[in-house]
Amino acid sequence: MGVCGSLFLPWKCLVVVSLRLLFLVPTGVPVRSGDATFPKAMDNVTVRQGESATLRCTIDNRVTRVAWLNRSTILYAGNDKWCLDPRVVLLSNTQTQYSIEIQNVDVYDEGPYTCSVQTDNHPKTSRVHLIVQVSPKIVEISSDISINEGNNISLTCIATGRPEPTVTWRHISPKAVGFVSEDEYLEIQGITREQSGYYECSASNDVAAPVVRRVKVTVNYPPYISEAKGTGVPVGQKGTLQCEASAVPSAEFQWYKDDKRLVEGKKGVKVENRPFLSKLIFFNVSEHDYGNYTCVASNKLGHTNASITLFGPGAVSEVSNGTSSRRAGCLWLLPLLVLHLLLKF
């Protein structure tokens with residue numbers, strides 16, 4: 001529905017209106033392309049939603065009557081306003097130009113507008129099309145999501161605007177390169193922990209700055225012990241065993257020795273836990289403290305463990321995590337042993 005499409009004049013004016021404007025309703029001869037005669041309206045007028053649109057019609061002194069219409073609805077006839085919409089105002093009515101303005105334009109104002117004139121010969125009309133552009137707007141987007149590693153996810157971003165906006169998805173990550181999807185829907189099969197983070201939806205149509213919204217994707221996975229560090233400490237000194245684990249949600253840590261759990265508050269020993277790191281601290285190491293300790297990291301998706309050794313000076317340490325092991329010892333003795341055997345023979 002165009003400007004004033006639902007408004008009516010008082011009944012007292014109806015008959016007079018019909019008689020005065022009978023010749024103006026577009027039954028006149030349309031002005032053909034390239035016709036140099038009047039009236040001559042503007043080319044298509046393009047404005048943004050909320051702006052004002054000016055419709056101009058070039059005429060000359062042969063015109064006896066003139067009017068602007070929106071489809072079959074009369075907006076102005078001469079200096080008389082036939083539309084009750086306060087947004088429509090007369091700008092000029094001279095011997096050379098007849099112009100109106102539509103203020104605070106909205107999408108329902110879009111459509112054809114006709115400049116109709118009466119001369120001594122016959123009515124003529126000229127038409128202009130009003131195009132209303134609308135800034136992009138994201139009307140629907142997925143909520144933040146938490147999902148287990150290996151599952152599939154689908155993200156949605158619906159945007160409106162005129163012209164229809166282009167929607168793109170991008171993974172906000174140092175490892176992500178460019179756009180991951182140029183569509184309203186982003187689907188990820190078998191998601192990995194590296195694909196967690198923020199996903200940015202952008203809607204653009206060159207009418208205004210792109211509109212951007214973000215969705216946070218949290219990928220849950222079981223603990224993985226990335227570092228388990230043993231240490232050699234003399235008796236009477238302070239020693240620390242460290243166990244670092246990556247997990248979402250964050251891992252909970254427990255320490256064991258000889259299948260017995262070490263609890264907080266044991267004399268001379270302190271367990272210090274952080275979201276991804278646990279420390280077993282000995283304030284005054286004794287001979288009894290030496291040996292293998294087991295760090296267990298767990299969350300709701302699983303658990304893992306690593307064996308860590310507290311040893312004295314010159315002893316060999318072993319740290320095992322799954323199938324991997326690391327040994328540190330007196331490897332400098334090996335070349336001397338080989339040299340001794342060669343000299344013997």
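Every residue, even glycine, has its Cβ placed from backbone N, Cα and C.
What Swiss-Prot records for Cys57-Cys115 (among others) is disulfide bond. In the shown protein chains, 27 other C-beta atoms lie within 10 A of the C-beta of Cys57 (disulfide bond).
Cβ neighbour count for Cys157 (disulfide bond) (all protein chains, 10 Å cutoff from its Cβ): 25. Summarising the annotation, Swiss-Prot assigns disulfide bond to Cys157-Cys201 (among others) and lists sequence analysis as the type of evidence.
Residues within less than 8 Å, Cβ to Cβ, of Cys243 (disulfide bond) and separated from it by at least 6 positions along the same chain comprise Ile225, Glu227, Ala228, Lys229, Phe253, Trp255, Leu277, Ser278, Lys279, Leu280, Cys295, Ala297, Ala306, Ile308. Swiss-Prot lists Cys243-Cys295 (among others) with the feature disulfide bond.
Among the features that Swiss-Prot reports, domain 'Ig-like C2-type 1' is placed at 39-126. Model confidence over the domain 'Ig-like C2-type 1' (39-126) is summarised by a mean pLDDT of 91.
Marked as domain 'Ig-like C2-type 2' by Swiss-Prot: 136-218.
The domain 'Ig-like C2-type 3' annotation in Swiss-Prot covers 222-309.
The secondary structure of Asn44 (N-linked glycosylation site), as reduced to three states from DSSP, is coil rather than helix or strand. Taken from Swiss-Prot, the feature N-linked glycosylation site covers Asn44 (among others).
In this structure, Asn70 (N-linked glycosylation site) is part of a beta strand by DSSP. When other Cβ atoms within 10 Å of the Cβ of Asn70 (N-linked glycosylation site) are tallied across all protein chains shown, the result is 24. Per Swiss-Prot, the feature N-linked glycosylation site maps to Asn70 (among others); the stated evidence is sequence analysis.
Among the features that Swiss-Prot reports, N-linked glycosylation site is placed at Asn152 (among others), with the record citing sequence analysis. A coil conformation is recorded for Asn152 (N-linked glycosylation site) in the three-state DSSP classification, outside any helix or strand.
Around the Cβ of Asn284 (N-linked glycosylation site), 13 further Cβ atoms fall within 10 Å across all displayed protein chains. Following the DSSP three-state reduction, the secondary structure of Asn284 (N-linked glycosylation site) is coil. The N-linked glycosylation site annotation in Swiss-Prot covers Asn284 (among others) and rests on sequence analysis.
The N-linked glycosylation site feature in Swiss-Prot is assigned to Asn292 (among others); the stated evidence is sequence analysis.
In the structure as shown, the Cβ atom of Asn305 (N-linked glycosylation site) sits within 10 Å of 20 other Cβ atoms. Feature annotation from Swiss-Prot assigns N-linked glycosylation site to Asn305 (among others); the stated evidence is sequence analysis.
Summarising the annotation, Swiss-Prot assigns N-linked glycosylation site to Asn321 (among others) and lists sequence analysis as the type of evidence.
The annotation GPI-anchor amidated asparagine is assigned in Swiss-Prot to Asn321 on the grounds of sequence analysis.
Feature annotation from Swiss-Prot assigns signal peptide to 1-30; the stated evidence is sequence analysis.
Most Cβ neighbours within 10 Å, among the disulfide-bonded residues Cys115, Cys201, Cys295: Cys115 holds that distinction in the structure as shown.
Neighbour counts of Cβ atoms within 10 Å were compared for the glycosylation sites Asn44, Asn152, Asn292, and the top value is held by Asn292. The two recorded residues Asn284 (N-linked glycosylation site) and Asn292 (N-linked glycosylation site) have their Cα atoms spaced 17 Å from each other.
For the pair Cys201 (disulfide bond) and Asn305 (N-linked glycosylation site), the Cα-Cα distance reads 40 Å.
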